[in-house]
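Participant: Right, I'll just put the structure down here and ask away after.
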Amino acid sequence: MGTVHLIDHPLVQHKLTMMRRKDASTNSFRRLANEISALMTYEVLRDIPMQEIEIETPLEVTTGRVIDGKKLVFVSILRAGTGILDGMLTIVPGARVGHIGLYRDPRTLVAVEYYFKMPGDLHERDVVVVDPLLATGNSAVAAVERLKECGPKSIKFVCLLTCPEGVAALDKAHPDVPIYTAAVDRQLDEHGYILPGIGDAGDRIFGTK
């Protein structure tokens, strides 16, 4: 069984509530998405491997801890994933970035891949997949399956909110992939949207219809 990490810090929950409002402007929605993802990054990377190195301060030589190995790859599921990518890169600016282009067929709700670009040494890195919503789970399942073909050291999935159906779908296909989210909402509607949700994250981030 996979693990769902619910990040319920007061700042995260406050900002998520502001995002949910239907009268939130594109600018406000985008800013809040970045702020929430930045705050969530602390918890997502809590168990990242560390190593000790020797450094020199203005007063003496000492040791300190830094992130070990070749670090991270943030993988954005296009297009909405880019809306929370910047917030995470604010915290880890040295991370590599990959992109998976997926669109949801409006009739079948099946994820269709149209783009895939990753660092060449993905097998030496830890991957954090980012997408604002884990709804039907079809895109997440397809993205993780594709990434596993490259053999990364580990994979985590980060979203602003999800629902029981999305959690169940990703857990059934990839029980080894932990999910980090700010909320688990009630359910999906007949069109595959999360209720009460935040609407179409991509449209609200980019100001499109």
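Residue 1 is the first one shown; counting continues down the chain.
Even glycines carry a Cβ here, placed using N, Cα and C.
The 5-phospho-alpha-D-ribose 1-diphosphate binding site annotation in Swiss-Prot covers Arg79, Arg104, Asp131, Pro132, Leu133, Leu134, Ala135, Thr136, Gly137, Asn138, Ser139, Asp200, and the record cites sequence analysis as its basis. Positions annotated as uracil binding site by Swiss-Prot: Ile194, Gly199, Asp200, Ala201.
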Participant: Taking the mean position of the Cβ atoms of Ile194, Gly199, Asp200, Ala201 as the uracil site, which residues outside that list, in the same chain, have a Cβ no more than 8 Å away, listed in sequence order?
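Facilitator: Once Ile194, Gly199, Asp200, Ala201 are set aside, the remaining close residues are Pro132, Leu133, Ala135, Tyr193, Gly197, Ile198, Gly202, Asp203, Arg204.
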Participant: Starting from each candidate's C-beta and looking 10 angstroms out, tell me which of the binding-site residues Gly137, Asp200 has the most other C-beta atoms.
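Facilitator: For the binding-site residues Gly137, Asp200, the Cβ with the most other Cβ atoms within 10 Å is Gly137.
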Participant: Roughly how many Å lie between the Cα atoms of Ile194 (uracil binding site) and Ser139 (5-phospho-alpha-D-ribose 1-diphosphate binding site), rounded to a whole value?
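Facilitator: Computed Cα spacing between Ile194 (uracil binding site) and Ser139 (5-phospho-alpha-D-ribose 1-diphosphate binding site) is 14 Å.
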Participant: Have a look around Asp131 (5-phospho-alpha-D-ribose 1-diphosphate binding site) and count the other CB atoms within 10 A of its CB, chains all included.
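Facilitator: Asp131 (5-phospho-alpha-D-ribose 1-diphosphate binding site) is surrounded by 28 other Cβ atoms within 10 Å.
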Participant: Between Gly137 (5-phospho-alpha-D-ribose 1-diphosphate binding site) and Asp200 (uracil binding site), find the distance joining the two CA atoms and give it rounded to the nearest Å.
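Facilitator: Checking the Cα atoms of Gly137 (5-phospho-alpha-D-ribose 1-diphosphate binding site) and Asp200 (uracil binding site) gives a distance of 15 Å.
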Participant: Neighbour count, 10 Å Cβ-Cβ cut-off, for Arg79 (5-phospho-alpha-D-ribose 1-diphosphate binding site): what number do you get?
Facilitator: 17
